[in-house]
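Annotation source TrEMBL lists transmembrane segment at 74-94, 106-126, 132-154, 166-187, 207-229, 255-282, 288-310, 322-342.
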Amino acid sequence: MTALKAMLTPLGRRELMVLALILACLLSPVLASIFGAVDISFREAMSVYLHSLIGERPTDVAYLDSRILLELRLPRILLAFVCGAGLALSGWALQLVTRNPLADPYLFGISAGASLGAIVVLSLGITHGVLLAIGLPLGAFIGASASVLVVLTLSGFGLQSQVERMLLSGVATSFLFGALGSLLLYFSSPQVTASVIFWSLGSFARAAWDLLWLPWLVFGGFVAFLLLVRRQLFALSAGDETAHALGVSVAKLRIISLLMCSLMTAVLVASCGGIGFVGLMIPHIARLLFPGSQSLLIVAMLGGLFMVWVDVMTRSLLPPQELPVGVITAVVGSVFFLMLLFGRRSE
(Lines of atoms letter the chains of each structure in order from A; the text may use other names.)
(Lines give C-alpha, C1' and ligand atoms only; values in the text may rest on other atoms or scores of the structure.)
Protein backbone atom coordinates (compact mmCIF):
# COMPACT_ATOMS: atom_id res chain seq x y z
CA MET A 1 0.00 0.00 0.00
CA THR A 2 2.87 2.34 0.87
CA ALA A 3 4.59 1.57 -2.42
CA LEU A 4 1.38 2.28 -4.35
CA LYS A 5 0.94 5.58 -2.51
CA ALA A 6 4.54 6.53 -3.32
CA MET A 7 3.92 5.82 -7.00
CA LEU A 8 0.72 7.88 -7.11
CA THR A 9 1.97 10.86 -5.07
CA PRO A 10 3.82 12.61 -7.98
CA LEU A 11 0.68 12.39 -10.12
CA GLY A 12 -1.70 15.32 -10.25
CA ARG A 13 -5.47 15.26 -10.05
CA ARG A 14 -5.88 15.08 -13.83
CA GLU A 15 -3.48 12.15 -14.17
CA LEU A 16 -5.19 10.25 -11.36
CA MET A 17 -8.58 10.78 -12.97
CA VAL A 18 -7.28 9.55 -16.32
CA LEU A 19 -5.88 6.45 -14.62
CA ALA A 20 -9.22 5.91 -12.89
CA LEU A 21 -10.99 6.27 -16.23
CA ILE A 22 -8.72 3.71 -17.89
CA LEU A 23 -9.19 1.33 -14.96
CA ALA A 24 -12.97 1.75 -15.22
CA CYS A 25 -12.82 0.89 -18.93
CA LEU A 26 -10.89 -2.29 -18.13
CA LEU A 27 -13.14 -3.39 -15.25
CA SER A 28 -16.53 -2.38 -16.63
CA PRO A 29 -16.83 -5.28 -19.12
CA VAL A 30 -16.37 -7.73 -16.26
CA LEU A 31 -18.63 -5.87 -13.82
CA ALA A 32 -21.36 -5.32 -16.41
CA SER A 33 -21.26 -9.03 -17.30
CA ILE A 34 -22.64 -10.11 -13.93
CA PHE A 35 -25.99 -8.37 -14.54
CA GLY A 36 -28.69 -10.29 -16.37
CA ALA A 37 -31.38 -12.93 -16.14
CA VAL A 38 -28.78 -15.56 -15.18
CA ASP A 39 -26.81 -14.84 -12.01
CA ILE A 40 -23.06 -14.99 -12.62
CA SER A 41 -20.56 -13.87 -10.01
CA PHE A 42 -17.66 -11.48 -10.55
CA ARG A 43 -15.20 -14.31 -9.85
CA GLU A 44 -16.81 -16.52 -12.49
CA ALA A 45 -16.77 -13.73 -15.06
CA MET A 46 -13.10 -13.00 -14.38
CA SER A 47 -12.27 -16.69 -14.64
CA VAL A 48 -14.03 -17.04 -17.99
CA TYR A 49 -12.40 -13.96 -19.51
CA LEU A 50 -8.90 -14.75 -18.25
CA HIS A 51 -9.08 -18.34 -19.49
CA SER A 52 -10.44 -17.20 -22.86
CA LEU A 53 -7.39 -14.97 -23.31
CA ILE A 54 -5.16 -18.05 -23.29
CA GLY A 55 -7.60 -20.18 -25.28
CA GLU A 56 -8.75 -22.41 -22.44
CA ARG A 57 -12.12 -23.22 -20.92
CA PRO A 58 -12.41 -22.68 -17.14
CA THR A 59 -13.19 -25.81 -15.13
CA ASP A 60 -14.69 -23.89 -12.19
CA VAL A 61 -17.52 -22.30 -14.23
CA ALA A 62 -20.51 -24.07 -15.76
CA TYR A 63 -20.29 -24.44 -19.53
CA LEU A 64 -23.64 -22.68 -20.04
CA ASP A 65 -22.53 -19.70 -17.96
CA SER A 66 -19.31 -19.35 -19.93
CA ARG A 67 -21.28 -19.45 -23.20
CA ILE A 68 -23.65 -16.77 -21.90
CA LEU A 69 -20.70 -14.54 -21.03
CA LEU A 70 -18.71 -15.04 -24.22
CA GLU A 71 -21.49 -15.25 -26.81
CA LEU A 72 -24.18 -12.97 -25.39
CA ARG A 73 -23.00 -10.50 -22.78
CA LEU A 74 -19.47 -9.64 -23.94
CA PRO A 75 -20.49 -8.82 -27.56
CA ARG A 76 -23.32 -6.72 -26.17
CA ILE A 77 -20.96 -4.81 -23.88
CA LEU A 78 -18.49 -4.20 -26.71
CA LEU A 79 -21.28 -2.95 -28.98
CA ALA A 80 -22.58 -0.66 -26.24
CA PHE A 81 -19.09 0.73 -25.66
CA VAL A 82 -18.37 1.51 -29.31
CA CYS A 83 -21.84 3.01 -29.69
CA GLY A 84 -21.34 5.36 -26.76
CA ALA A 85 -17.79 6.25 -27.77
CA GLY A 86 -18.73 6.88 -31.41
CA LEU A 87 -21.75 9.04 -30.62
CA ALA A 88 -19.77 11.00 -28.02
CA LEU A 89 -16.98 11.73 -30.50
CA SER A 90 -19.52 12.70 -33.17
CA GLY A 91 -21.03 15.23 -30.76
CA TRP A 92 -17.55 16.45 -29.78
CA ALA A 93 -16.65 17.05 -33.43
CA LEU A 94 -19.98 18.70 -34.28
CA GLN A 95 -19.66 21.10 -31.34
CA LEU A 96 -16.24 22.18 -32.61
CA VAL A 97 -17.36 22.43 -36.24
CA THR A 98 -20.46 24.50 -35.46
CA ARG A 99 -19.01 26.33 -32.44
CA ASN A 100 -22.25 25.49 -30.66
CA PRO A 101 -22.25 23.53 -27.37
CA LEU A 102 -25.72 22.15 -28.15
CA ALA A 103 -24.70 20.41 -31.39
CA ASP A 104 -25.32 16.67 -31.46
CA PRO A 105 -25.98 14.01 -34.16
CA TYR A 106 -29.53 13.67 -32.81
CA LEU A 107 -30.29 17.41 -32.82
CA PHE A 108 -28.36 18.01 -36.03
CA GLY A 109 -30.59 15.72 -38.08
CA ILE A 110 -27.93 13.10 -38.78
CA SER A 111 -29.57 10.44 -36.61
CA ALA A 112 -32.98 11.12 -38.17
CA GLY A 113 -31.54 10.79 -41.67
CA ALA A 114 -29.78 7.56 -40.77
CA SER A 115 -32.98 6.21 -39.23
CA LEU A 116 -34.98 7.09 -42.34
CA GLY A 117 -32.47 5.30 -44.57
CA ALA A 118 -32.59 2.22 -42.34
CA ILE A 119 -36.40 2.27 -42.27
CA VAL A 120 -36.46 2.31 -46.08
CA VAL A 121 -34.24 -0.79 -46.14
CA LEU A 122 -36.38 -2.63 -43.58
CA SER A 123 -39.58 -1.60 -45.36
CA LEU A 124 -38.31 -3.27 -48.53
CA GLY A 125 -38.48 -6.60 -46.69
CA ILE A 126 -34.73 -6.96 -46.14
CA THR A 127 -34.77 -8.40 -42.63
CA HIS A 128 -31.97 -10.98 -42.52
CA GLY A 129 -28.87 -12.35 -44.20
CA VAL A 130 -26.09 -10.66 -46.11
CA LEU A 131 -28.43 -8.14 -47.70
CA LEU A 132 -29.38 -6.82 -44.26
CA ALA A 133 -25.76 -6.71 -43.08
CA ILE A 134 -24.81 -4.61 -46.11
CA GLY A 135 -28.05 -2.81 -46.87
CA LEU A 136 -28.85 -1.48 -43.40
CA PRO A 137 -25.56 0.44 -42.86
CA LEU A 138 -25.57 1.58 -46.49
CA GLY A 139 -29.14 2.83 -46.29
CA ALA A 140 -28.43 4.55 -43.00
CA PHE A 141 -25.35 6.28 -44.44
CA ILE A 142 -27.25 7.45 -47.52
CA GLY A 143 -29.98 8.86 -45.28
CA ALA A 144 -27.47 10.54 -42.97
CA SER A 145 -25.57 12.02 -45.93
CA ALA A 146 -28.83 13.30 -47.39
CA SER A 147 -29.67 15.06 -44.12
CA VAL A 148 -26.21 16.65 -44.05
CA LEU A 149 -26.66 17.82 -47.64
CA VAL A 150 -30.00 19.41 -46.74
CA VAL A 151 -28.49 21.12 -43.69
CA LEU A 152 -25.51 22.44 -45.66
CA THR A 153 -27.76 23.69 -48.46
CA LEU A 154 -30.05 25.53 -46.06
CA SER A 155 -27.17 27.05 -44.11
CA GLY A 156 -25.00 28.19 -47.00
CA PHE A 157 -22.36 25.45 -46.86
CA GLY A 158 -20.70 26.53 -43.64
CA LEU A 159 -20.13 30.23 -44.13
CA GLN A 160 -19.29 32.11 -40.95
CA SER A 161 -22.60 33.98 -40.79
CA GLN A 162 -24.53 30.72 -41.07
CA VAL A 163 -23.15 28.71 -38.10
CA GLU A 164 -26.22 29.19 -35.90
CA ARG A 165 -28.46 28.77 -38.92
CA MET A 166 -26.77 25.42 -39.52
CA LEU A 167 -27.94 24.10 -36.16
CA LEU A 168 -31.47 25.41 -36.71
CA SER A 169 -31.49 23.77 -40.13
CA GLY A 170 -30.42 20.53 -38.45
CA VAL A 171 -33.35 20.64 -36.05
CA ALA A 172 -35.78 21.30 -38.91
CA THR A 173 -34.22 18.50 -40.97
CA SER A 174 -34.53 16.14 -38.01
CA PHE A 175 -38.27 16.81 -37.80
CA LEU A 176 -38.66 16.47 -41.58
CA PHE A 177 -36.86 13.13 -41.83
CA GLY A 178 -38.63 11.89 -38.72
CA ALA A 179 -41.98 12.72 -40.30
CA LEU A 180 -41.01 10.94 -43.53
CA GLY A 181 -40.03 7.86 -41.53
CA SER A 182 -43.36 7.89 -39.69
CA LEU A 183 -45.22 8.26 -42.99
CA LEU A 184 -43.34 5.30 -44.42
CA LEU A 185 -44.21 3.20 -41.38
CA TYR A 186 -47.87 4.16 -41.73
CA PHE A 187 -48.04 2.46 -45.12
CA SER A 188 -45.89 -0.54 -44.10
CA SER A 189 -47.12 -3.94 -42.99
CA PRO A 190 -47.76 -4.52 -39.26
CA GLN A 191 -44.81 -6.92 -39.07
CA VAL A 192 -42.39 -4.39 -40.55
CA THR A 193 -43.82 -1.61 -38.38
CA ALA A 194 -43.40 -3.65 -35.20
CA SER A 195 -39.80 -4.59 -36.00
CA VAL A 196 -38.88 -1.02 -36.99
CA ILE A 197 -40.41 0.47 -33.84
CA PHE A 198 -38.51 -1.99 -31.64
CA TRP A 199 -35.29 -1.25 -33.50
CA SER A 200 -35.78 2.54 -33.57
CA LEU A 201 -36.05 2.76 -29.77
CA GLY A 202 -32.48 1.53 -29.44
CA SER A 203 -31.30 -1.86 -28.28
CA PHE A 204 -28.13 -3.95 -28.06
CA ALA A 205 -30.06 -7.24 -28.02
CA ARG A 206 -28.90 -8.05 -31.58
CA ALA A 207 -25.24 -7.90 -30.60
CA ALA A 208 -23.13 -10.76 -31.94
CA TRP A 209 -19.47 -11.24 -32.79
CA ASP A 210 -20.11 -11.20 -36.54
CA LEU A 211 -21.83 -7.79 -36.25
CA LEU A 212 -19.09 -6.08 -34.25
CA TRP A 213 -16.42 -5.71 -36.90
CA LEU A 214 -18.11 -2.92 -38.88
CA PRO A 215 -18.84 -0.51 -35.98
CA TRP A 216 -15.36 -1.00 -34.55
CA LEU A 217 -13.70 -0.64 -37.97
CA VAL A 218 -15.53 2.61 -38.72
CA PHE A 219 -14.86 3.82 -35.18
CA GLY A 220 -11.13 3.21 -35.61
CA GLY A 221 -11.13 5.17 -38.87
CA PHE A 222 -13.16 7.95 -37.28
CA VAL A 223 -10.72 8.26 -34.37
CA ALA A 224 -7.78 8.31 -36.80
CA PHE A 225 -9.47 11.08 -38.81
CA LEU A 226 -10.13 13.19 -35.70
CA LEU A 227 -6.55 12.75 -34.52
CA LEU A 228 -5.32 14.00 -37.90
CA VAL A 229 -7.56 17.09 -38.03
CA ARG A 230 -7.94 17.91 -34.33
CA ARG A 231 -5.68 20.99 -34.56
CA GLN A 232 -7.69 22.31 -37.50
CA LEU A 233 -10.91 21.65 -35.57
CA PHE A 234 -9.58 23.59 -32.58
CA ALA A 235 -8.68 26.47 -34.92
CA LEU A 236 -12.16 26.31 -36.45
CA SER A 237 -13.76 26.47 -33.01
CA ALA A 238 -11.95 29.77 -32.43
CA GLY A 239 -13.64 31.36 -35.44
CA ASP A 240 -13.54 31.18 -39.22
CA GLU A 241 -11.18 34.17 -39.53
CA THR A 242 -8.71 32.60 -37.12
CA ALA A 243 -8.91 29.29 -38.96
CA HIS A 244 -8.36 31.01 -42.33
CA ALA A 245 -5.37 32.88 -40.92
CA LEU A 246 -3.88 29.56 -39.80
CA GLY A 247 -4.29 28.10 -43.28
CA VAL A 248 -7.38 25.97 -42.63
CA SER A 249 -9.79 25.39 -45.51
CA VAL A 250 -12.93 26.08 -43.48
CA ALA A 251 -15.65 24.94 -45.89
CA LYS A 252 -13.75 21.78 -46.89
CA LEU A 253 -12.98 20.81 -43.29
CA ARG A 254 -16.55 21.46 -42.20
CA ILE A 255 -18.08 19.35 -44.98
CA ILE A 256 -15.63 16.44 -44.56
CA SER A 257 -16.12 16.46 -40.79
CA LEU A 258 -19.89 16.38 -41.19
CA LEU A 259 -19.66 13.47 -43.62
CA MET A 260 -17.39 11.53 -41.25
CA CYS A 261 -19.81 12.16 -38.39
CA SER A 262 -22.59 10.96 -40.69
CA LEU A 263 -20.74 7.74 -41.47
CA MET A 264 -20.04 7.04 -37.79
CA THR A 265 -23.62 7.80 -36.76
CA ALA A 266 -25.10 5.80 -39.64
CA VAL A 267 -23.20 2.64 -38.77
CA LEU A 268 -24.17 2.96 -35.11
CA VAL A 269 -27.82 3.62 -35.94
CA ALA A 270 -27.83 0.55 -38.19
CA SER A 271 -26.32 -1.55 -35.40
CA CYS A 272 -28.17 -0.19 -32.35
CA GLY A 273 -31.14 1.87 -33.51
CA GLY A 274 -31.97 5.43 -32.56
CA ILE A 275 -30.07 6.57 -29.47
CA GLY A 276 -30.00 10.30 -28.81
CA PHE A 277 -28.35 12.93 -26.63
CA VAL A 278 -25.14 10.96 -25.96
CA GLY A 279 -23.19 13.27 -28.25
CA LEU A 280 -24.64 16.27 -26.43
CA MET A 281 -23.94 15.17 -22.86
CA ILE A 282 -20.59 13.43 -22.89
CA PRO A 283 -18.39 16.26 -24.30
CA HIS A 284 -19.80 18.58 -21.62
CA ILE A 285 -19.22 16.02 -18.89
CA ALA A 286 -15.65 15.60 -20.14
CA ARG A 287 -15.07 19.36 -19.92
CA LEU A 288 -16.53 19.43 -16.40
CA LEU A 289 -14.36 16.56 -15.16
CA PHE A 290 -11.23 17.63 -17.07
CA PRO A 291 -11.30 21.46 -17.32
CA GLY A 292 -9.26 22.79 -20.21
CA SER A 293 -8.82 19.35 -21.75
CA GLN A 294 -9.86 18.64 -25.33
CA SER A 295 -8.73 15.01 -25.40
CA LEU A 296 -10.93 13.05 -27.74
CA LEU A 297 -9.79 9.78 -26.12
CA ILE A 298 -11.22 10.94 -22.78
CA VAL A 299 -14.49 11.78 -24.52
CA ALA A 300 -14.51 8.34 -26.16
CA MET A 301 -13.87 6.50 -22.89
CA LEU A 302 -16.55 8.46 -21.04
CA GLY A 303 -19.06 7.84 -23.82
CA GLY A 304 -18.32 4.13 -23.89
CA LEU A 305 -18.60 3.78 -20.11
CA PHE A 306 -21.83 5.75 -20.04
CA MET A 307 -23.47 3.54 -22.65
CA VAL A 308 -22.28 0.29 -21.05
CA TRP A 309 -23.93 1.21 -17.76
CA VAL A 310 -27.05 2.58 -19.43
CA ASP A 311 -27.40 -0.84 -21.03
CA VAL A 312 -27.02 -2.44 -17.60
CA MET A 313 -29.85 -0.20 -16.38
CA THR A 314 -32.11 -1.28 -19.24
CA ARG A 315 -31.60 -4.92 -18.26
CA SER A 316 -31.90 -4.39 -14.51
CA LEU A 317 -34.67 -1.85 -13.83
CA LEU A 318 -37.67 -4.03 -14.78
CA PRO A 319 -36.50 -7.64 -14.98
CA PRO A 320 -37.17 -9.81 -16.88
CA GLN A 321 -38.32 -7.09 -19.29
CA GLU A 322 -35.73 -4.97 -21.06
CA LEU A 323 -36.21 -1.24 -21.45
CA PRO A 324 -35.19 0.46 -24.73
CA VAL A 325 -31.80 2.14 -24.52
CA GLY A 326 -33.08 5.18 -26.39
CA VAL A 327 -35.72 5.81 -23.73
CA ILE A 328 -33.13 5.99 -20.93
CA THR A 329 -30.77 8.26 -22.89
CA ALA A 330 -33.68 10.49 -23.97
CA VAL A 331 -34.82 10.98 -20.36
CA VAL A 332 -31.32 11.71 -19.08
CA GLY A 333 -30.40 13.76 -22.15
CA SER A 334 -33.50 15.96 -22.10
CA VAL A 335 -32.86 16.88 -18.47
CA PHE A 336 -29.21 17.59 -19.28
CA PHE A 337 -30.26 19.67 -22.32
CA LEU A 338 -32.54 21.83 -20.16
CA MET A 339 -29.76 22.28 -17.62
CA LEU A 340 -27.47 23.54 -20.38
CA LEU A 341 -30.11 25.93 -21.69
CA PHE A 342 -30.84 27.42 -18.27
CA GLY A 343 -27.14 27.55 -17.49
CA ARG A 344 -26.44 29.57 -20.64
CA ARG A 345 -29.43 31.81 -19.92
CA SER A 346 -28.14 32.61 -16.42
CA GLU A 347 -24.78 33.55 -17.90
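Cβ from N, Cα, C; glycine included.
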Contact set, same chain, for the transmembrane segment (132-154): CB under 8 Å, 6 or more residues outside the stretch: 108-118, 120-122, 126, 165-166, 169-170, 172-174, 176-177, 211, 214, 255, 258-259, 262-263, 265-267, 269-271
Chain residues outside the transmembrane segment (255-282) and at least six past its termini with a C-beta under 8 angstroms from it: 79-80, 82-84, 86-94, 97, 102-107, 110-111, 113-115, 117-118, 136-137, 139-141, 143-145, 147-148, 151-152, 157-158, 199-204, 206, 211, 214-215, 218-219, 222, 225-226, 229, 233, 299, 302-303, 306-307, 324-326, 329-330, 332-334, 336-337, 340
Contact call for the transmembrane segment (74-94) and the transmembrane segment (207-229): at least 3 Cβ pairs under 8 Å, seq gap 6+: yes
